[in-house]
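Positions annotated as substrate binding site by Swiss-Prot: 8-15, 21-22, R60, 87-90, K98, 114-115, 183-184. Positions annotated as active site, tele-phosphohistidine intermediate by Swiss-Prot: H9. Taken from Swiss-Prot, the feature active site, proton donor/acceptor applies to E87. Positions annotated as region 'Disordered' by Swiss-Prot: 115-137. Residues or ranges marked as site 'Transition state stabilizer' by Swiss-Prot: H182.
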Amino acid sequence: MHTLVLLRHGQSAWNLENRFTGWTDVDLSPEGEQEARDAARLLTDEGLTFDVCHTSVLTRAIRTLYIVQHEMGLSWLPVHKHWRLNERHYGGLQGLDKAETAARFGEEQVFEWRRSYDTPPPPLPADDPRSPAGDARYAGLAPDVLPASESLKETVARVLPYWHDVIAPQVLAGQRVLVAAHGNSLRALVMHLDGMTPEAVTKLNIPTGLPLVYTLDGTLRPLAHRYLGDPAVAEAKAKAVAAQGAARK
């Protein structure tokens, strides 16, 4: 049997402000930092430890991982950062208030952009200052690789090569792996691991700061998976994620 832990970053400054974030690089909020410390405690209480860690190239996921490592006394572990684990790119929605966007375009349209499987938000123009093209962390990538917007389907297609090429071989080799990433990049992994349909994954909400522990067999099929901590907390956090696209009443 193999162990894999998936962890969505703690609350970010823009989660707190209910803004579309995507590839925008924002930091954790104070609550997000505490969520990372709490995640470390849950992992320690469960008796879990790790051999290798993976995260995106975005600060909120990196800092979540570093806080967890520090709290667990595992700061020495190797960390692999990769853009393929980034959050879904929200295109022209990035930076906008989710509730105000719902009031402007309608909740149904915003739900389609946020939660559908194959509908991307409006793309960013190439010369938009929010474009990743001028960001040094993506300097080695061909311009046509960088997204201007992504559907969840496109996010899955971006994430899975990293799973197949890097993470899965480590898990199969017996390494205990922690992946600290984002709501949609983790939805992509969960969809693959659990064999979820596109319709099912649109209803999946990943709560912030709660470790999701998978026990996998020798072919990486899930034998069990669960969030650590109080199930009621996980359910409440997942419902809060689902409600983010609603207009203010």
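Cβ from N, Cα, C; glycine included.
Location within the structure of each feature annotated in Swiss-Prot.
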residue : record                             : DSSP class
R8      : substrate binding site             : strand
W14     : substrate binding site             : helix
G22     : substrate binding site             : coil
E87     : active site, proton donor/acceptor : coil
K98     : substrate binding site             : helix
H182    : site 'Transition state stabilizer' : coil
- recorded positions H9, E87, H182 vs G22 (substrate binding site), shortest C-alpha separation belongs to E87
- Query: Going along the chain, which residues six or more apart from G183 (substrate binding site) have their CB under 8 A from its CB?
  - Reply: R8, E87, R88, N205, I206, T208, V241
- For Q11 (substrate binding site), which residues in the same chain are close in space, meaning a Cβ under 8 Å from its Cβ, but six or more apart along the sequence? L28, S29, E31, G32, E35, T208, G209
- May I ask which of the recorded positions H9, W14, K98 is closest to H182 (site 'Transition state stabilizer') if we compare their C-alpha atoms? H9
- Note on the structure: Looking at the recorded positions R8, H9, R88, K98, H182, the one with the fewest other Cβ atoms inside 10 Å is K98
- Task: Compute the C-alpha separation of the residue listed as 'active site, tele-phosphohistidine intermediate' from K98 (substrate binding site), stating it in Å without decimals.
- Result: 19
- For W14 (substrate binding site), nearby residues of its own chain (Cβ under 8 Å, 6 or more apart in sequence): F20, T21, T24, V26, G95
- DSSP helix, strand and coil counts for the region 'Disordered' (115-137)? 6 helix, 0 strand, 17 coil
